[in-house]
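Participant: One structure, pasted below without further comment.
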Amino acid sequence: MTAVAPGTGHLSRALLFAAALCAGITVANIYLAQPIIGPVADTFGTSPQTAGIVVTAGMLGYSAGLLFVIPLGDSRDRRTMVGALSVLTALLLVGSSLAPSLPVLAVLTGLAAVTTVVPQILIPLIVQLADPAQRGTAMSWVQAGLITGIMGARVVSGQLAGLLGWRWVFAAAAVLTLVVGLWTVRVLPSDGERNSVSYWALLRSLPGYLRREPGLRRACLRQAGSFAAFNAVWTTLALVLTAPPHGLTVAEAGLVGLLGLLSAALAPVAGKMVDRRGPRLVGALGLTVLAFAALVLVLGTNSLTALLIGTAAVPIGLQVGQAANQNAALSVDPDAGGRLNTTFMLSTFLAGAIGSAAGSVTYGLHGWPGVCATALCFLALGGIGLRRIR
């Protein structure tokens, strides 16, 4: 496995496909629990709102992985990291499938999320290898894999839980993570150890990027608002779909996630828009689509059609926004891609954890309209990132 020189544009379709597939399989692990909150709650004799802690634990665990694992990608061989993390994640998912209680399940899924940060190792590598004028397009391949994994997790998890039970969801994920992760290791180029900066020095450098780079701050704020809104809706969507008046089964609710796959098909389009129009304009478009989706979803309390339209629009808005915002963040300094991606994704997933928790609590207090109102509040905060913050 030979290394490829940065910025040469020598990115084969095989390499991009491998990165996209691995990103999709591994990111799905964070979202497996969302459509099976009901069955998990039934198994452990608790409420769906309480069982939602499993989803929140996954978000917090992923945030911890972003902070403590991803910066190593700026100094260590990324191919080796992908292999090691894939093995660890598979073992923790096996443990999740055998969890005897809700607290144990929450801890194990949280730990699995710490090690399932492989997509955020792959993205800086792709950015570093791509020609600057084509970074948006190259990133869109991996982001298409990400959104397919996020949406596909809902479909597969819901269907498999309906057929075999929720424990098999985690067992199957363990097998896929291991097989695809190790195959990707064989395809990726080795980039070696690029510098001798210590681990703690890498971590200490993170706040400096936020202080020095207003463009990074704006991108982080836009994406944080978008992802918090997305998770407020996505964490509780299965609950409103399976409750009266809709009354869908868990498997049927999982199929609704197929609508989100439309956004994966739009990923290359979003990437080209960023290359041609710039990230700020495309980021504004993403927020606008999400706001439209939240307004339509308010009608979903009594209208399944409104729920379906809004559910299709939410991941489209998220995909368009992330294509712009992540490109803006990583373009600050491609040689520090791991640390920039840590800063960007850490703020994103901390916001996602807040959004998941807020969605669960708001659903219990004010129902589905309250969840949609909460999402709009998060989007308003993200809109501040469109200003030229200094």
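Backbone N, Cα and C atoms are what each Cβ position is placed from, and that goes for glycine too.
Those TrEMBL annotations? Automatic predictions, nothing curated.
Predicted, not measured: the structure shown is a model, and the values here were computed from it.
Pulled from TrEMBL, these are the listed features:
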DOMAIN    15-390  domain 'Major facilitator superfamily (MFS) profile'
TRANSMEM  12-31  transmembrane segment
TRANSMEM  51-70  transmembrane segment
TRANSMEM  82-99  transmembrane segment
TRANSMEM  105-126  transmembrane segment
TRANSMEM  138-156  transmembrane segment
TRANSMEM  168-188  transmembrane segment
TRANSMEM  220-241  transmembrane segment
TRANSMEM  247-269  transmembrane segment
TRANSMEM  281-300  transmembrane segment
TRANSMEM  367-386  transmembrane segment
Participant: Please indicate, using numbers and ranges, the residues of the same chain that are 6 or more beyond the transmembrane segment (367-386) and have a C-beta under 8 Å from a C-beta there.
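Facilitator: Beyond its ends, the transmembrane segment (367-386) has Cβ neighbours at 217-226, 228-230, 232-233, 236, 240, 280, 283-284, 287, 290-291, 294-295, 297-298, 300-301, 351, 355, 358-359.
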Participant: Going through 12-31, 82-99, 138-156, 220-241, 281-300 one by one, which has the most CB pairs that fall under 8 Å from the transmembrane segment (247-269)?
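Facilitator: Top-ranked stretch among 12-31, 82-99, 138-156, 220-241, 281-300: 138-156.
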Participant: In this predicted model, what is the average pLDDT of the domain 'Major facilitator superfamily (MFS) profile' (15-390)?
Facilitator: 87
